[in-house]
Amino acid sequence: MTSGPSQPFPSASGPDDGPSWPRILGRLTTGQNLPNGHAAWAMDQIMTGAATPAQISGFAVSMKMKRPTASEVRELADIMLTHARRVPTDEIGTDTVDIVGTGGDGANTVNLSTMASIVVAACGVPVVKHGNRAASSLSGGADTLEALGVRIDLGPDDVARSVREVGIGFAFAPQFHPSYKHASIVRREIGVPTVFNLLGPLTNPAGPRAGLIGCAWADLAEVMAGVFAARGSSVLVVHGDDGLDELTTTTTSTIWRVQGGTMERLTFDPAAFGFKRAEISELVGGDASENAAEARAVLGGAKGPVRDAVVLNAAGAMVAHAGLASDAQWLPAWEAGLARAVEAIDSGAAEQLLARWVRFGQQL
């Protein structure tokens, strides 16, 4: 297949070495990394509608099986962002935080990152949550927020205004990545995790510089951390050692701490902070209305394993946000984050913030 006239990635090495689908898929299916620029070329073909569904699915699956490099994934994410609608940051800035995971862990837990986002915002840390409807679980973050009464369909200006006025905004992926529709159809049809699972957390249209980013695959968590390190972000990329794309309370988690362009791998045990071990069954959710009811209960002060996991993940996001300052210290940041998260729930601040967020959407 020839590249279209809009193709902005010509090869400097002549036509024989330039990117093409047979060349790219040939390399990926034999386990070879792509030359610089080839992943970007492929993603541009996908985003402009020039790639066929067969080419998209072949690329998505073979790239995941080959195990993408950080530079390949960064090319994919950067091209996706060039095609995106962006949230204006002239007033809200980029010292914001996102709490989001790749999905694909198969555990169907309650929406921990969604609840944690509300708690973090109630602590005064500005949040821009990037999310979507469920792909493999019963209820994604967008589904649960909608069931809570939050408007999920806001455009760029209103998301920025939501962050400014409420302290949190939700960027619904289909609103901001319309060109991604070609890939999302294929992704739904093939129904297995692909390299595209990594891109959601890497393509927040508000460009937050901090994040608690969950990855369901331990080997790919390190790849994601490499992309964030290249961007100079302050991020904790986390993988529950039980397979969750969250900081888990059932066992330890592996954390890739990204700060100042460097990456450090750590084993994190919540028991060190006094958390009881949970069973995975205690964190399992249901449909959107059931998960919304659970969120209301937790934000209303209900104790138990779900609250523990929400507090832990909210604290992790605040640790990442604290890392934007070069003098941030690991243990004091955790202690402060955990105390702030508990206070935000127990004082009623988190519940009140959700009510303000719902009201904001109703008044638009």
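All residue numbers here begin at 1 and follow the chain in the order shown.
Placed from the backbone N, Cα and C atoms, the Cβ positions cover glycine too.
Copied over from Swiss-Prot, here are the features:
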- 1-22: region 'Disordered' (REGION)
- 1-10: compositional bias 'Polar residues' (COMPBIAS)
- G101, N132: anthranilate 1 binding site (BINDING)
- G101, 104-105, T109, 111-114, 129-137, G141: 5-phospho-alpha-D-ribose 1-diphosphate binding site (BINDING)
- S113, E246: Mg(2+) 1 binding site (BINDING)
- R187: anthranilate 2 binding site (BINDING)
- D245, E246: Mg(2+) 2 binding site (BINDING)
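When the Cα atoms are compared, H130 (5-phospho-alpha-D-ribose 1-diphosphate binding site) and G101 (anthranilate 1 binding site) turn out to be 10 Å apart.
Cβ neighbour counts within 10 Å, taken over all protein chains shown, single out H130 as the most crowded of the binding-site residues H130, R187. The two recorded residues, D245 (Mg(2+) 2 binding site) and S113 (5-phospho-alpha-D-ribose 1-diphosphate binding site), show a Cα separation of 10 Å.
Spatial neighbours are here defined as Cα atoms within 10 angstroms of one another, and by that definition G101 (anthranilate 1 binding site) has no neighbours among the binding-site residues T109, R133, S136. Annotation: S113 are the binding-site residues among S113, N132, R133, S136, R187 whose CA atoms are within 10 angstroms of the CA of E246 (Mg(2+) 1 binding site). A simple way to gauge crowding: the CB of T109 (5-phospho-alpha-D-ribose 1-diphosphate binding site) has 23 other CB atoms within 10 angstroms, across all the protein chains here. Counting only the Cα atoms, the space from N132 (anthranilate 1 binding site) to T109 (5-phospho-alpha-D-ribose 1-diphosphate binding site) is about 16 angstrom.
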